[in-house]
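Novice: Shown below is the structure under consideration.
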Amino acid sequence: GIIPCGESCVFIPCITSVVGCSCKSKVCYKN
């Protein structure tokens, strides 16, 4: 992913995964 979703995933998974975001380097990115 290259677009930051404005969410971290250090302690919990990406809630924004419902819109296509995934965790990378402790930050949620959209592919």
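Each Cβ is built from the backbone N, Cα and C atoms, and glycine gets one as well.
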Novice: Please work out, from what Swiss-Prot records, which of C21, C23 forms the disulfide with C5.
Specialist: C21
Novice: Output, ordered by sequence, the same-chain residues six or more apart from C5 (disulfide bond) with a CB under 8 Å from its CB, or 'none'.
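Specialist: Set apart from C5 (disulfide bond) by at least 6 residues yet with Cβ under 8 Å, we have C14, T16, V19, C21, V27, C28, Y29, K30.
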